[in-house]
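According to TrEMBL, the feature substrate binding site maps to Arg88, Ser89, Gly90, Asn101, Thr105, Ile106, Asp107. Sequence annotations record features per position, and here TrEMBL assigns compositional bias 'Basic and acidic residues' to 1-12. Residues or ranges marked as domain 'dUTPase-like' in TrEMBL: 35-167. According to TrEMBL, the feature region 'Disordered' maps to 1-21.
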Amino acid sequence: MSSTAMKEKPRAAETAGLSAPTVRVKRLPQGEGLDLPRYETALAAGCDVRAAVPEGEPLVLKPGERFMVPTGIAIALPPGWEAQMRPRSGLAARRGVTCVNAPGTIDADYRGELKVILINHGAEDFVVRRGDRIGQLVIAPVWQARFEEVETLDETARGEGGFGSTGV
Ligand SMILES: O=c1ccn([C@H]2C[C@H](O)[C@@H](COP(=O)(O)OP(=O)(O)OP(=O)(O)O)O2)c(=O)[nH]1
């Protein structure tokens, strides 16, 4: 990371009228020695997470295979925030490797190890080595709504149209 990125205080959330949350990160034994998530550029939205597969024991994802890759970290988000586990576009574009469940949802009350559920949509084996950057975390505010059961919903111009109803 550039030292400029480190010195600048987080700005994007402040633009939206919120102050940046503090996310507590716990390094798990299998994450020993790996870099913790960090923003690589001043206004990056995501922080890369790394594969905590054992040293010298790379994981091989054959075409079509998927695997829940450990990251060696657990986090505590403050209430009202979520983390999204998203694919890295470079891996997607170059290798066809993405997250099956993108964006993965990390709940504020989850304390287990973060995992990246990778799938290899490419035509070649994809090798994951210890420390490889396999996904990125985006921290975002989230609401818990009140759900209210009703008999009828208000009418709209769209009505029940969806799934391409407006054409291509
Ligand atoms: O890509 C992901 C998605 C989820 N999780 C963790 C954090 C999240 O809080 C927990 C549960 O995820 P989710 O709610 O999507 O899973 P579920 O299948 O609905 O399981 P549960 O019944 O445990 O909520 O799993 C990850 O580590 N990586």
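One-based numbering along the chain as shown.
Placed from the backbone N, Cα and C atoms, the Cβ positions cover glycine too.
The structure displayed is predicted, hence computed values, not measured ones.
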List the binding-site residues Arg88, Ser89, Asp107 whose Cβ sits under 6 Å from any atom of ligand 1, in sequence order.
Asp107
Three-state secondary structure, which DSSP defines for Asn101 (substrate binding site):
coil
Sort out the sequence-distant neighbours of Arg88 (substrate binding site) for me: same chain, 6+ apart, CB within less than 8 Å of its CB, listed by position.
Asp48, Arg133, Ile134, Gly135, Gln136
In the three-state scheme derived from DSSP, which category covers Gly90 (substrate binding site)?
helix
I'd like the number of other C-beta atoms within 10 A of the C-beta of Thr105 (substrate binding site), please.
11
Same-chain residues six or more away whose CB lies under 8 A from the CB of Asp107 (substrate binding site)?
Leu77, Glu82
